[in-house]
Amino acid sequence: MWQNELIFVSQAIIVISLGLVSAIRGIGWLTGWLGLLTVVMNVFVLKQIHLFNFEVTSGDVYMIGMLTCLNYAREIYGKKLVNDAIMGSWFINLGFLLLTYLHLALSPSFNDCTQVHFLSLFSPTLRLVLASLVTIALVQLIDLAFFVYLKKFFKNRAFGVRSAISMIVSQVIDTLLFSFLGLYGIASCLSDVIIFSLITKIAIIIISIPTMFVVRFLKQQYKVINN
C-alpha cells in the first residue's frame, strides 16, 4: 500500500546524500552530478504516480537534491567555482537535447520496434528542457542572491537555517514556474502536482538539514585527521 511512499523517501535520502558527497569530492564531481540531475529530471518528470492520495510527477526530488548540494558547495568553494559547475550542467543538458533530437531523426529499420517508444518518451523533451532551463536559471540566480544575502544577514552563522530558508523560497518559485511552463497540458491534475510538490520539497528540505550538518562535521574531522 505504501510502496511508492517508501521508495520516494529512500530516493530523497539517496539523492541528497550523493549530492553532498559530490560537493565534497570537488568541482568536477559536482558538475557531473548536476548535469545528471538536470537530464534525468526532464525525463523522469513525465511519469505520473500516486503519492499520499495525490497524482503527481516523479521529478520533484531532483531539484531539491540539486539545490542542497549547491548550497553546501558554496560554503566550500565560493560563488565563482559553483557558477562554473552550474554552467557545465546546463551545457550537458543542452548537449543531451541535441543528441536526443539527432537520434530521433534517424530513420528506423523495418525490424525496429523502439522508435515509437523513443518518440513517446522524448517528444516533449524540447518543451521540458526549455522550461527547465528557464526555471533553473531563474531559480538558481534567485537562490544564489538570496543565499548570499542570508549569509551576510546571519553573519556567516546558522548554515542549516539560512540554507533551508533560501531553498524554500526558491522552490515556491520553481514549482509555480515549471508547472505552468513545462507541465501545463501534460500533467492530468496540475493542482495536485503544485500542492504536492510544495509540500514534498519543504519536507525534504527540512529532512536534509541534519544530513548537511553530519556531512559538514565529517568533512571537518577528515581535515583534522589529514593535518
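Along the chain as shown, residues are numbered 1 onward.
Every residue gets a Cβ built from N, Cα and C, even glycine.
Annotated in TrEMBL:
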TRANSMEM  6-24  transmembrane segment
TRANSMEM  56-73  transmembrane segment
TRANSMEM  85-106  transmembrane segment
TRANSMEM  126-149  transmembrane segment
TRANSMEM  161-187  transmembrane segment
TRANSMEM  193-218  transmembrane segment
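Stretch with the most C-beta contacts under 8 angstroms to the transmembrane segment (85-106), considering only 6-24, 56-73, 126-149, 161-187: 126-149. Nonlocal intrachain contacts for the transmembrane segment (161-187), taken as residues 6+ away from its ends with a CB within less than 8 angstroms of a stretch CB, comprise 45-46, 48, 57, 63-64, 67-68, 71-72, 124, 127-128, 130-132, 134-136, 138-140, 142-143, 146-147, 150-151, 153-154, 193-194, 197-198, 201-202, 205-206, 209, 212. Sequence-distant neighbours of the transmembrane segment (126-149) (same chain, 6+ residues past either end, Cβ-Cβ under 8 Å): 38, 41-42, 45-46, 63, 66-67, 70-71, 74, 79, 83, 86, 90, 93-94, 96-97, 101, 162-163, 166-167, 169-171, 173-174, 177-178, 181-182.
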